[in-house]
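Only one structure is covered here, and it is reproduced in the block below.
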Amino acid sequence: MSSTLSENQAPETGTARVKRGMAEQLKGGVIMDVVTPEQAKIAEDAGAVAVMALERVPADIRKDGGVARMSDPDMIEGIIGAVSIPVMAKSRIGHFVEAQVLQSLGVDYIDESEVLTPADEVNHSDKFAFTTPFVCGATNLGEALRRIAEGAAMIRSKGEAGTGNVVEAVRHLRQIKNEIARLRGYDNNELYAAAKELRAPYELVKEVSELGRLPVVLFSAGGVATPADAALMRQLGAEGVFVGSGIFKSGDPAKRAAAIVKATTFYDDPKIIADASRNLGEAMVGINCDTLPETERYANRGW
């Protein structure tokens, strides 16, 4: 699909059911950030269900500063050509033209990501205008439901990307799960009040109350660096994990990647997790999230 739409050409769109179904296929797996075709192959060989193609992992984006934008199309296409598993790529929040470009390149999923510098401080992209399913981050249930109302087919609890510190991932996933549990058993009057409090459509709030979960897949992200971290997020209710800097900023990326996949699959078996954690080399150097100023907290981006 061309990223430039003529006045008489309606954008190609896909149904929410189809896009959500595509995301369902990733449940139980690990999605890994990669910056080269070689890294993408390592991720695929390790058992990743998808890769995220980007020029810099979050740890490097955090270190380098400046404006972080969509990755170069040649780099993305190189990764698409290197692997048989799905390829995701990031667009800036509200930058629907970057999303159009990514769709034209043939990526399998678009991540409207707070890790990149937001392009719009008021609006997120209209995700119903695309055939390609979108992934979006959330720190709480209201944020998750607002993204779903815009057409997101997958939610990831944000965590704090590029820190190697799982504490914010735990906080955000627990927040979402606790708020979902709170809605169980609410009557209509209480659901209307909850929708107002969450700043989310009543119909979605009611659906979550009835299902006892989000109507889309919920993964966890931000700070997962070890097999135990991945298993922790799964035991807390994540249906899969994103791993960014934690693999290719470690001492032995191939071994760590395979270990995190194994721990994500067998997340409720401590013996397997222990075996997967042996002799992995050095983990990435972590950051204490308490030391991050508000302006450097990626999770605060989005509304």
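Keep in mind that glycine also has a Cβ here, set from the backbone N, Cα and C atoms.
Taken verbatim from Swiss-Prot:
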type	residues	note
ACT_SITE	K90	active site, schiff-base intermediate with D-ribose 5-phosphate
BINDING	D33, G162, G223, G244, S245	D-ribose 5-phosphate binding site
BINDING	R174	D-glyceraldehyde 3-phosphate binding site
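Overlay of Swiss-Prot annotations on the structure.
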residue	record	DSSP (3 states)
D33	D-ribose 5-phosphate binding site	strand
K90	active site, schiff-base intermediate with D-ribose 5-phosphate	strand
R174	D-glyceraldehyde 3-phosphate binding site	helix
G223	D-ribose 5-phosphate binding site	coil
G244	D-ribose 5-phosphate binding site	coil
Residues satisfying Cβ distance under 8 Å from the residue listed as 'D-glyceraldehyde 3-phosphate binding site', sequence separation of at least 6: L236
Distance from S245 (D-ribose 5-phosphate binding site) back to K90 (active site, schiff-base intermediate with D-ribose 5-phosphate), taken between C-alpha atoms, in Å: 15
K90 (active site, schiff-base intermediate with D-ribose 5-phosphate), number of other Cβ atoms within 10 Å: 28
Neighbour tally for D33 (D-ribose 5-phosphate binding site), based on other Cβ positions within 10 Å of its Cβ: 28
Packing count at S245 (D-ribose 5-phosphate binding site) (other Cβ atoms within 10 Å of its Cβ): 27
Cβ packing number for G223 (D-ribose 5-phosphate binding site), 10 Å threshold: 29
